[in-house]
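To start, the structure under review is shown below, and the notes come after it.
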Amino acid sequence: MSPVRSHLRAALFLAVASARGVTTQVAAQRGLSAWPVPQEPSMEYQDAVRMLNTLQTNASYLEQAKRQRGDPQTQLEAMELYLARSGLQVEDLDRLNIIHVTGTKGKGSTCAFTECILRSYGLKTGFFSSPHLVQVRERIRINGQPISPDLFTKYFWRLYHRLEETKDGSCVSMPPYFRFLTLMAFHVFLQEKVDLAVVEVGIGGAYDCTNIIRKPVVCGVSSLGIDHTSLLGDTVEKIAWQKGGIFKQGVPAFTVLQPEGPLAVLRDRAQQISCPLYLCPPLEALEEGGLPLTLGLEGEHQRSNAALALQLAHCWLQWQDHHDAGELKESRPGLLWQLPLAPVFQPTSHMRLGLRNTEWLGRTQVLRRGPLTWYLDGAHTPSSVQACVRWFCQALQGRERLSSGTEVRVLLFNTTGDRDSAVLLKLLQPCQFNYAVFCPNLTEVSSTGNADQQNFTVTLDQVLLRCLEHQQHWNCLDEEQASPALWSAPSPELAGPASLLLVPHPPHSSASSLVFSCISHALQWISQGRDPVFQPPSSPKSLLTHPVARSGASVLHEAAAVHVLVTGSLHLVGGVLKLLEPALSQ
């Protein structure tokens with residue numbers, strides 16, 4: 001083990017020892033490291049969520065599954081069996097008039113635009129997405145709103161008991177977490193009689209459990225890039241093959257302009273399946289001769305998502321023979337990259353309203369709170385982080401200039417899964433942060449009080465060690481010649497009862513770095529009590545034990561403006577939103 005990693009583990013040992021406040025015996029039996037244990041079920045919302053959380057794949061089993069991954073086609077067939085046991089057949093899903101969307105980045109925003117456009121026509125919409133930010137019921141929406149706690153509880157137990165009743169010796173009684181929620185979404189949408197359902201793919205497409213959908217109305221593929229390589233492949237072409245797996249014979253599909261390699265893969269996939277695939281013209285083409293389109297989501301990259309959403313909505317409306325589907329401006333015959341161009345049409349007033357009213361929390365979202373401005377974006381791939389950096393820098397350039405006083409820039413960052421944080425952090429350096437803060441995706445050191453925030457797929461040790469590694473990457477980027485000797489574990493008296501503060505601070509570093517054991521403590525240090533909404537009862541003294549933390553607190557407290565970019569993980573953004581916007585938890 002390298003000297004740096006051994007120091008990290010020494011620091012981690014102190015942090016874990018101080019942060020744990022729950023019993024370890026039962027957790028150890030599950031392969032969890034002192035993670036909260038779900039309670040017995042009742043008919044309350046939080047109890048339903050706790051029972052749902054037992055379907056998460058715990059960390060030790062997850063590692064074993066990666067080593068012994070079965071045939072993905074078999075996994076898809078298993079999903080069809082779960083559907084049948086739940087009381088539905090694949091053919092029942094045809095009644096949902098589904099718009100099925102995949103992609104690496106922007107697929108959630110594309111779905112949000114599409115749903116809002118069609119809702120503006122007075123249609124009753126269903127929307128299934130992942131992950132959730134604050135509460136799990138966000139994943140299943142009707143008319144743009146998360147289903148109510150009562151509705152979630154009712155449908156959860158109805159499905160749970162149905163699956164329990166239909167188990168036998170040849171099958172596992174319950175599907176894993178995401179599959180269960182996918183099944184539940186189908187039941188909710190059918191029972192609540194939505195006019196259409198916008199369904200976002202979880203991971204990939206070909207073998208994603210949403211791909212039991214046989215006859216969607218239309219499919220979409222947003223921008224492609226590298227992500228989930230352990231599941232989808234290590235090249236963008238391999239990933240494109242997986243994403244193109246949602247194409248269906250005779251069902252129109254649309255994609256945005258992609259690099260030539262993955263676009264060729266999508267084209268070949270579509271031809272093999274006999275799926276008519278079209279390339280979306282840029283948004284500018286639909287704006288010609290009319291007023292510019294106003295988007296509810298900030299960032300130049302959202303224009304590509306909006307262009308795809310307009311084509312998906314337009315196609316769906318045409319399929320329904322809707323009288324106001326948008327007047328065709330020109331057919332634009334011809335091919336680009338051997339793909340036919342999608343039609344150019346005049347966006348209707350309903351489409352314009354839908355684009356303008358689209359909200360999608362945690363994506364290019366800005367919260368202005370007195371001297372603090374929070375910039376929230378769940379970017380977690382190299383291409384999406386690049387887009388996030390452009391958006392953040394443009395937002396700073398467009399802000400009102402201060403006549404006097406200092407401005408401070410803070411990065412709050414974390415990643416999950418197999419993502420290369422060194423690559424993502426390097427892309428963030430042009431933002432010129434004064435402080436870089438790292439913490440796990442835990443709102444508090446113990447998440448026992450909120451089932452929506454519980455995560456059994458990783459251990460406490462893993463998430464804290466990962467934050468320390470992020471910090472190492474950041475400092476190495478700041479000081480390429482930094483010596484491993486600069487890394488040392490804090491003395492026991494510095495590791496407070498619920499806080500981890502490590503500040504390996506190279507002497508010529510341009511930005512100080514800090515690690516906290518939870519989001520709440522990170523926000524307390526960053527905000528210094530100056531956010532009028534986020535007002536925790538008191539800050540632990542351990543947040544200021546290190547000299548850099550003390551000096552930074554003084555700088556933040558006196559600054560005329562503090563700009564905080566929260567990125568790297570949608571789960572991190574969700575935890576921050578839970579604390580900054582308490583109404584989202586109600």
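Each residue's number is its place along the chain shown, starting with 1.
Cβ from N, Cα, C; glycine included.
Taken from TrEMBL, the feature Mg(2+) 1 binding site applies to Ser130, Glu200. The Cβ of Ser130 (Mg(2+) 1 binding site) has 18 other Cβ atoms within 10 Å, all protein chains considered.
The Mg(2+) 2 binding site annotation in TrEMBL covers His228.
Within the same chain, residues at least six positions away from Asp377 (ATP binding site) with a Cβ under 8 Å of its Cβ are Gly299, Gly362, Arg363, Thr364, Gln365, Cys388, Trp391, Phe392, Leu565, Val566, Thr567, Val573. TrEMBL lists Arg363, Asp377 with the feature ATP binding site.
Annotation source TrEMBL lists signal peptide at 1-21.
It is 15 Å from the Cα atom of His228 (Mg(2+) 2 binding site) to that of Ser130 (Mg(2+) 1 binding site). Between the listed binding-site residues, namely Glu200, His228, Arg363, the fewest other CB atoms within 10 angstroms of a CB are found at His228.
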